[in-house]
Amino acid sequence: MNTDYDTTFEEDSQMPNDEVMPYSDDETDDELDSPQTVEPEQNRINKEAEQTREPLSKEYSWQVQANDPNFFNQPEFQKKSFLCFKKSKYSGNAIKTYKYNPITFLPLNLFEQFKRAANAYFLVLLILQAIPEISTVSWSTTLIPLLLVLGITAIKDLVDDIARHKMDNEINNRPSEVMVDGKFKKTKWKNIHVGDIIRIKKNGFIPADVLLLSSTDPNSLCYVETAELDGETNLKFKMSLEVTDQLLQEESALATFDGLVVCEEPNNRLDKFVGTLHWRGMSYGLDADKILLRGCTVRNTHYCHGLVLFAGADTKIMRNSGKTRLKRTKIDYLMNYMVYTIFVLLILCAAGLAIGQSFWEANLGLSNVSWYLNDGKAYSPGYRGFLGFWGYIIVLNTMVPISLYVSVEVIRLGQSYFINWDLQMFYPVKDTPAKARTTTLNEQLGQIQYIFSDKTGTLTQNVMTFKKCTINAETYGDQRYAAGPEKGHSEEVDFGWNPLADPKFTFNDHYLIEQIRSGKDADVHLFFKLLALCHTVMVEKVDNDLVYQAASPDEGALVTAARNFGFVFLSRTQSTITISELGTEKTYDVLGILDFNSDRKRMSIIVREPDGSIRLYCKGADTVVYERLHPNNPIQEQTQEALDIFANETLRTLCLCYKDISREEYDRWNKKYMAATVTTNNRDEELDKVYEEIETNLLLLGATAIEDKLQDDVPLTISKLAKADIKIWVLTGDKKETAENIGYACELLTDETAICYGEDINALLHTRMENQRNRAAGNPGASLNSTEPYFQTDQKRALIITGSWLNEILLEKKKKKRRKGLKLKFPKTAEQKQQDLMEKKVAYVMKEQKQKNFVDLACECTSVICCRVTPKQKAMVVDLVKKYKKAVTLAIGDGANDVNMIKTAHIGVGISGQEGMQAVMSSDYSFGQFKYLQRLILVHGRWSYIRMCKFLRFFFYKNFAFTLVHFWYAFFNGFSAQTVYEDWFIALYNVLYSSLPVLLVGLLDQDVSDKLSLRFPRLYIPGQKDLLFNYKKFFLSLTHGIITSLIIFFIPYGAFLLTMGQDGEAPSDYQSFAVTTATALVITVNFQIGLDTSYWTFVNAFSVFGSIAIYFGIMFDLHSGGIHVLFPSKFIFTGAAPNALRQPYLWLTIILTVAFCLLPIVAIRFLSKMIWPSESDMIQRNRKKYKEEAKWKPRHSTIRRGATARRSAYAFSHQRGYADLISTGRTIQKKRATLDAVLGGNAAEIVQSAANTL
């Protein structure tokens, strides 16, 4: 286990009795800023100053003086750039993303390309070919392919760089307004500098990272869209300091602003910023909520003003534009190892032939039999063998394929376009096509063994609908079930009495409406008032309609429910919230928002009621709320029973409670809160402690139940992937019971499945670890690994485990470190240090062994569900499977909490869902629905893998068949490094004569159609087992190439030996022999790829026969007399082709050679398909029958009955830090679509149709 791995997972170590779990499946990384309460407006400015008077750390050395350009010219702000030259450490705002200019393009691009080992290797060969003593081959044979490869890459780089030049110019020349000499003047982005005051208007791009000083919004807010930054189109908003917003509205005030900002150095942390504004003798704290980042767009704000803090290359978006870690496929690694193997074979062949040359020179060489070859050079046989070695390195260099990597990239690019163009993966509801965001992993999609999936928004729609609730022990909602299509059906409630109701909201319990309108039960009113007050939703009016912008779909659903039941959230400021209670408008003072975090699993709001009383409203998970209830709660048991009922229906539940607070109690608590907010160390922990003090003795009101339906075809997709022998693990932040019930709904679990829980797994692992320790104690050299299965029966099993049990099973407890003072006072002896070292080694080994045991046990289960896991735990589980099973993994998710998992897996897939675009931006592939995963893997992934394997096998084959002819020829030419073919044929063979057919097979070939690939998922299994390309297949291709080269050489050799043509002339000259072997080779390799093609198109046929035609056309041109006259030293085969190929004898030789090469392969493949057919062969044989079956197959209803109910529980969607939405400008999202919106407003008709069908 490496250090990074150890560090990553040690940070998550927790005890199981103190369960650490996200608030829901929608939790992001727990590194958000800590919450803040909203204070009355008159006290805010003073507190802003008071809370930040503590000096910042020395590491915050970035200083920005407003409206003072000379400030940045001070010597302390200068840094060395080159030799004795210095430049300012503050970057200008002009950006440069391009790599080349007209002068540097050629040398710099060539330098970058020759850093690649393959290109450098062929450059060395080119240099060797310039040495007459060792080269018998023209330099053109290497130069032409090398120039082609370099040229293609250079053209691609040039096109990309020209596009970057255009983009840079467009961005650098965007207009902006900058304060110059007391007035705002128009200038270009590239002329903006750090310390400038700028004005940004509505819909304008933000040109640099700026401190928001003021805006036209009355609440000091500035709305921004971050699409260019993180891909999200939902609005976020920032909030300026009130002191600057109040005093810096006018142009004259901005011109005289002389504040000094001291802050952190430029970095790439988008959601973090720490700094201080010093102005007029006061200090004000700055955080990320007061910073507008370059690349964002100002929305819904007429204009705003800002102070430039970071410009150009120092901005956060530019700091994040570095290279990402490149993922590589199994075939990449295997291909590299095979190239190394080929290089070793090349060395061995060249060395063997060099030894042969030395032997030949010593026994039959110049001084003996072959005296006529004497070149007058008195070289010893050993030295001639040494020269011969390098000569054969040159002659046989085509064994190492120069165009392999370029061809592979072309194939991958084409396969990526096929994914992008696949209309069957287009999601019309959101106009979302499938997108291959990388071009390097396509064939890896055909080798997936484990899929790790998020639940909410990935398996489910993440479109929340308020379905039921329990209030004061009374349950409301549609609890009546239809006895038939004509009777028992619940009519939807008519909300016409409420003019502010959302028309898309539906509910089926008329009795709840009667309770609300009658006012008989005050707790019902209090219940919905709590929902209207306790949230972080923002509202805006669009065409006289209220549009809610919620931090999560759950929040939006709850506030919309309260709205329809008469408690309408109308507006909020930084210190107030206004609602309509059954038509009566009331405003509440917000005294504090106690925001969510992953430990609290709840949020609270403290408000001053219109009558002056103070009350705390809270909503959260039942597990944490019940721990904080007042001992005298009469409805606790009844509410728990209702929660169980809701859970059985896979509804997401949430408990609501409240508490009245006296003025004295609030004042005491508020002092502690203010002290916690200025703490610099462990601020979040201190705040949590303060929150705990006030959230006690709560009075339970009831609970809500929200429905989150499965996406379309999720069970079908999971079923097909399971049939492809792909194991699916669900990693979710939801509670165990909810996750389990979703497992039944999507058919990961069935009634026949034996479920193992965390405690069961812990016991099994404990027993296994004890056995392993005993075995190690009895036999110190014995391996700890055991092949004995954990389960003795073949029953289908599933594992359901929580995040706390994962920590207990996989991570050791943290040991407290000794304080430095104790270490100095009581230093350890050498023996103690040695003992500690041994204990650490043993603990490390046992920890790894326990992790491996867990992975082995989990992989014996057909499905695994990990619930209540954090984002880091998701990534940890993926990494463990990668590490111990060496399996190819795929992670799929839709939210920010899935990013770690997506990046950790071999392949990451993002779903553009309800939670923004962070998962998509971090993914390798993206689409709109989980159901498209089956097509991505079983069709595109499988095709890409088969195509790439077939391409590589044939590519190696044709190169060996071509090159090894020289090897056999060496035994008949005195090992003189003479080539069989003409130099131009050597140069053009891999470029024109044999490249296109194999390239098109890699792009277009299909063994079966896409429909049959989906119908028979087991066709996918060969890719998982690496059956189509491995070392065995490589050596078979090598053997095939050797046999082909033997036939290509020896049949023409035997036919030419001691022969006489019809005209009395001997056709056995060297040039005729070269033409014959070359012609036989070209026809053989092109017909061979034809035999390997499963899916014929016009393009494939044209490429095969066109390549042969091109060969003959070029050969006759190169052997013509006219070109010889122009270049006599370059084209020496004058008339060779016409003279040779007019002889019928040679044509018969070519036909015989081709037949001997191809007919055995045809026979072997025929027998193989007839006697040992693969599953693909059998499906190909019956494809017409399957096509007819599909045409006449009766259609069945796709509406299924519900799965057996299982207990579920709380699963509320939220993220930490959304209280800051109100007080400091956290993320907000656009209004969510309800179920009716998704179903086109026909939800009732669709439900009725389903009932009738059933």
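Glycine is treated like the rest: Cβ placed from N, Cα and C.
The feature active site, 4-aspartylphosphate intermediate is assigned by TrEMBL to D454. Under the three-state DSSP scheme, D454 (active site, 4-aspartylphosphate intermediate) falls in the coil class.
According to TrEMBL, the feature Mg(2+) binding site maps to D454, T456, D894, D898. Counting every protein chain shown, the Cβ of D898 (Mg(2+) binding site) has 34 other Cβ atoms within 10 Å. In the three-state DSSP scheme, D898 (Mg(2+) binding site) is classed as helix.
Residues or ranges marked as ATP binding site by TrEMBL: D454, K455, T456, E555, F596, K619, R652, T732, G733, D734, R868, K874, N897, D898.
Per TrEMBL, compositional bias 'Acidic residues' is recorded for 24-33.
The compositional bias 'Basic and acidic residues' annotation in TrEMBL covers 41-53.
Computed over the domain 'P-type ATPase N-terminal' (72-142), the whole-number mean pLDDT of the model equals 80. What TrEMBL records for 72-142 is domain 'P-type ATPase N-terminal'.
Marked as domain 'P-type ATPase C-terminal' by TrEMBL: 920-1174.
For 1-53, the entry in TrEMBL reads region 'Disordered'.
Residues or ranges marked as transmembrane segment by TrEMBL: 337-360 (among others). Beyond the ends of the transmembrane segment (337-360), by six or more residues, the same chain brings 118, 381-382, 384-386, 388-390, 392-393, 396-397, 399-401, 404, 956, 967, 970-971, 974-977, 1031, 1034 to within a C-beta distance below 8 angstroms of the stretch.
The annotation transmembrane segment is assigned in TrEMBL to 389-408 (among others).
Only residues 6 or more beyond the boundaries of the transmembrane segment (951-972), in the same chain, are considered here, and those with a CB under 8 A from a CB of the stretch are 331, 335, 338, 342, 349, 353, 356, 392, 395-396, 398-399, 401, 404, 407-408, 411, 978-981, 989-990, 994, 998-999, 1001-1002, 1029, 1033-1034, 1036-1038, 1040-1042, 1044-1046, 1048-1050, 1053, 1077, 1081, 1084-1085, 1088-1089, 1092. What TrEMBL records for 951-972 (among others) is transmembrane segment.
According to TrEMBL, the transmembrane segment annotation covers 984-1004 (among others).
Only residues 6 or more beyond the boundaries of the transmembrane segment (1034-1058), in the same chain, are considered here, and those with a CB under 8 A from a CB of the stretch are 338, 341, 953-954, 956-965, 967-969, 972, 980, 1067-1068, 1072-1073, 1076-1077, 1080-1081, 1084-1085, 1088, 1145-1146, 1149-1150, 1152-1153, 1156-1157, 1161. Among the features that TrEMBL reports, transmembrane segment is placed at 1034-1058 (among others).
Here TrEMBL flags 1070-1089 (among others) as transmembrane segment.
According to TrEMBL, the transmembrane segment annotation covers 1096-1116 (among others). Counting residues 6+ beyond its ends, the transmembrane segment (1096-1116) has Cβ neighbours under 8 Å at 984-985, 988, 992-997, 999-1001, 1004, 1075, 1078-1079, 1082-1083, 1086-1087, 1089-1090, 1137-1138 in the same chain.
Within the same chain, residues 1040, 1044, 1047-1048, 1051-1052, 1055-1056, 1059, 1061-1062, 1067, 1072, 1075-1076, 1079-1080, 1083-1084, 1087-1088, 1091 sit at least 6 positions outside the transmembrane segment (1145-1168) and bring their C-beta atoms closer than 8 Å to a C-beta of that stretch. Under the heading transmembrane segment, TrEMBL lists 1145-1168 (among others).
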Among the recorded positions D454, D894, point out the residue whose Cβ has the most other Cβ atoms within 10 Å, with all shown protein chains included in the count.
D894
Express the distance between the Cα positions of D894 (Mg(2+) binding site) and D454 (active site, 4-aspartylphosphate intermediate) as a whole number of Å.
8
Check the Cα distances from D898 (Mg(2+) binding site) to each of the recorded positions D454, F596, R652, R868 and keep only the ones within 10 Å.
D454
Give me the CA-CA distance between R868 (ATP binding site) and D454 (active site, 4-aspartylphosphate intermediate), in Å, as a whole number.
12
Between T456 (Mg(2+) binding site) and G733 (ATP binding site), how far is it from one CA atom to the other, in Å?
9
What does DSSP give as the helix, strand and coil breakdown of the domain 'P-type ATPase N-terminal' (72-142)?
31 helix, 9 strand, 31 coil
Would you count the other CB atoms within 10 A of the CB of N897 (ATP binding site), including those on all shown protein chains?
31
